[in-house]
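*Asks:* The compositional bias 'Polar residues' annotation in Swiss-Prot covers 253-269. The annotation N-linked glycosylation site is assigned in Swiss-Prot to ASN3, ASN8. According to Swiss-Prot, the feature phosphothreonine maps to THR263, THR264, an assignment based on similarity to another entry. Per Swiss-Prot, the feature topological domain 'Extracellular' maps to 1-21, 79-94, 157-180, 342-352. The topological domain 'Cytoplasmic' annotation in Swiss-Prot covers 43-57, 116-135, 202-320, 374-396. Annotated transmembrane segment per Swiss-Prot: 22-42, 58-78, 95-115, 136-156, 181-201, 321-341, 353-373, in sequence order.
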Amino acid sequence: MWNSSDANFSCYHESVLGYRYFAVIWGVAVAVTGTVGNVLTLLALAIRPKLRTRFNLLIANLTLADLLYCTLLQPFSVDTYLHLHWRTGAVFCRIFGLLLFTSNSVSILTLCLIALGRYLLIAHPKLFPQVFSAKGIVLALVGSWVVGVTSFAPLWNVFVLVPVVCTCSFDRMRGRPYTTILMGIYFVLGLSSVGVFYCLIHRQVKRAARALDQYGLHQASIRSHQVAGTQEAMPGHFQELDSGVASRGPSEGISSEPVSAATTQTLEGDSSEAGGQGIRKAAQQIAERSLPEVHRKPRETAGARRATDAPSEFGKVTRMCFAVFLCFALSYIPFLLLNILDARGRAPRVVHMVAANLTWLNSCINPVLYAAMNRQFRHAYGSILKRGPQSFRRFH
C-alpha cells in the first residue's frame, strides 16, 4: 500500500471515492483559514507597536512556515485529492515534497526556540538577552530554514507521489535509513524537547507561586502588627516597596500575552530582567520588610495584590504555550503512530488519509489560538479587519 506511484501519479482507489470530497472541503477550509490568519498575524506583528519585539520574530518565522504550506502547497493537495491524481509533473512533485518537509522542520525548530526562550525568560532572565540577542535571533531564523532545506535536500530523488496519502512525499523504502533518522530527530527528539521545556516552565511557575504565597502570609502578619501599634510613617519606604513589586507587573515580568505559537510569547514589554526568578526574588525581599504606615495601607494592598497576581500571569503563559504545543503534537501523533504500527500498510487507505489530513491543522490553528488567548493580537486582528488600510496609520 505504501508503494509509490511515480509512473502515472495516480492515487485512485475505490475505498476513498467518497472520502475525497470531505478531504477537499477540509483542505479548502485549512487553506483559506490558514492564509487569512497567518497574513493577519504578520500584519499584526508589523503594525502593532507592542508586538514589535525581538522575540516575536520567532512568531513571524513560525507564521511564514505555516503560510508557505497553506498558501502555496495546500491548493495542490486539494487538487490532487479532488482528481485523485497529481497533475503537475514529476519535477514539481519533488519541489512540493521538499517544501512540505522544509515547512514542517522549520515549524518544529521554531517551536523549540520559542520554548527555549520562554524557559530562559522565566528561569534565567540574565541569560535570555545573551542567547536571544539581535544577532542571535537573526542567526536562529536563517539557520532554521538552512537546516530545514539541507536536511531534506538529499531526498530529492526519492520524492514521489505516495498513493496511500495522495501526497508527494519521500518513498519510505528508498529513503531508508536516512528518513528514519530525520523523522526521529525532528518529530521525536524535537517535540520531546519542547515538552521538556514546558515542564520546566511549569515547575518554575509553581516555585514562584509558592514564594508569593509565603509573601502573602508574611504580609498579612505584618499588617496585623501594624494595626496593633505602628503609626509612625517612614518617608520614602512605600515608594521603595512599591517599586519592588508593583512596578514589576505583567509588562516587566512574565507577560500573560503569549506568542506563538504556540506559540508562544508576545512579550508586550520585552524586558530581559523579567521572569519568575526575578519576581520570586522581589517577593522574598519585600517579605522581609515592614509596612509601618496604616494610612497608606490601600496603596500597599494594591501593590501586594499585583505581586500575588503574578502566579496567575505565569499560569496564562504556561497554558498558552502548552496549548500551542499540544495542538501541534496532536495533529501529528496519529499520523506518526499509524506509520509505526502499520509499517506494512495493512490498514485501510482511508485511515491513512484521515491521519495525514489531520496534520493540515497545525498550519492554520496558531492564529486562532493567538486571537483566543492574546489580547494584543486580538485587538490588532480586529483593527485590521474593521479599518483596513487605516489601521496601518493608527499604529505608527
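Note: Cβ is positioned from N, Cα and C throughout, glycine not excepted.
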*Asks:* Identify, in sequence order, the residues in the chain of ASN8 (N-linked glycosylation site) that are 6 or more apart from it along the sequence and have a CB within less than 8 Å of its CB; answer 'none' if there are none.
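*Replies:* Non-local contacts for ASN8 (N-linked glycosylation site): HIS85.
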*Asks:* Excluding the flanking five residues on each side, which residues at least 6 beyond the ends of the transmembrane segment (353-373) place their CB within less than 8 Å of a CB in that stretch?
*Replies:* 16, 19, 23, 26-27, 30, 33-34, 36-38, 40-41, 62-63, 66, 69-70, 74, 77, 103, 107, 164-167, 258, 260-263, 316, 319-320, 323-324, 327-328, 331-332, 334-335, 338, 381
*Asks:* Can you say which of 22-42, 58-78, 95-115 has the most Cβ pairs under 8 Å with the transmembrane segment (321-341)?
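*Replies:* Looking at each of 22-42, 58-78, 95-115 in turn, the most contacts to the transmembrane segment (321-341) are made by 95-115.
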*Asks:* DSSP helix, strand and coil counts for the topological domain 'Extracellular' (342-352)?
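*Replies:* Going by DSSP assignments, the topological domain 'Extracellular' (342-352) contains 4 helix, 0 strand, 7 coil.
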